[in-house]
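To start, the structure itself, in structure tokens.
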Amino acid sequence: MSFRLNGVGLTHANGFAALKGITLLAEKGERIALIGPSGAGKTSLLSVLGTALEPTNGLAEVFDCDQNFWGPSAIKALRARIGTVHQSPPIPGRQRVVTAVLAGKLGQWPAWKSLASLVYPLDIPGARAALERVDLADKLFARCDELSGGQLQRVGIARVLYQQPELILADEPVSALDPALALATIRLLTADAEARGATLVASLHAVDLALGNFPRIVGVKAGRIAFDLPSERVTVPMLHELYASEGEQLPIQAHEPHFLSQVPANDAATRAKCC
């Protein structure tokens with residue numbers, strides 16, 4: 001098991017209930033896409049899974065360690081096994097790209113090696129290899145504030161590829177990329193997770209990226225799970241209901257103009273196709 005959430009709720013300090021009664025289980029090696037409108041709770045859900053936030057109620061378990069035992073040492077050990085891709089990577093602008101990538105293993109290295117690597121990169125070949133996978137090898141020694149938003153996102157992905165964690169949590173990892181590059185990058189992440197037997201949970205705005213690349217889809221709306229289904233059982237009416245607050249148009253990447261024609265039009269079509 002990678003994680004288990006049982007009736008998890010999360011209320012922020014301002015009183016806003018971001019998550020309400022979330023129950024979710026992921027076995028090792030699953031690839032799950034979180035979809036839903038802005039403000040649905042996807043980022044909060046990923047934050048709980050990454051131990052950045054502790055549930056207000058309910059129970060969260062990550063790698064068989066439940067939140068009652070999330071002390072400093074336990075959290076440090078868990079985070080060494082978790083890789084997070086942020087929508088806006090928290091990378092200092094003056095930091096070199098090579099250092100940002102190597103930071104992926106700071107939690108796995110002894111303290112002396114982590115400190116030394118911040119001064120002088122200790123695994124330049126490893127960082128270069130990770131950057132090559134996202135077509136940024138030429139930026140190895142560039143400063144991070146010289147990069148575009150899309151390039152910074154790819155540096156964040158290279159850091160996770162270098163880290164090789166057991167659980168990857170990706171929060172809108174390709175939001176700043178053009179459609180073709182977004183598709184290639186999502187395929188890179190899913191292929192890496194599949195090859196290593198790692199668990200991947202990614203929140204995505206574009207439903208075609210989610211349905212076309214992830215076997216399991218979790219729809220999140222107003223802090224609750226609206227549905228949790230194999231991708232082939234998600235129907236057009238389900239998607240429209242999920243995104244009703246954002247208008248009639250579903251969020252779809254431009255590289256899949258005929259995407260909706262491949263999605264079951266209703267539940268009956270889904271049952272006929274899947275059962």
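Positions of Cβ are set from backbone N, Cα and C atoms, glycine also.
The ATP binding site annotation in Swiss-Prot covers Gly36, Pro37, Ser38, Gly39, Ala40, Gly41, Lys42, Thr43. As annotated by Swiss-Prot, domain 'ABC transporter' applies to 3-247.
DSSP classifies Gly41 (ATP binding site) as coil under the three-state reduction. Confidence for the domain 'ABC transporter' (3-247), expressed as mean pLDDT, is 96. Within 10 Å of the C-beta atom of Lys42 (ATP binding site) sit 28 other C-beta atoms, taking all shown protein chains into account. Within the same chain, residues at least 6 positions away in sequence whose Cβ sits under 8 Å from that of Gly36 (ATP binding site) are Lys42, Gly219, Val220, Lys221, Ala226, Leu242, Tyr243.
For the binding-site residues Pro37, Gly39, Gly41, counting C-beta atoms within 10 A of each C-beta gives the highest total at Gly41.
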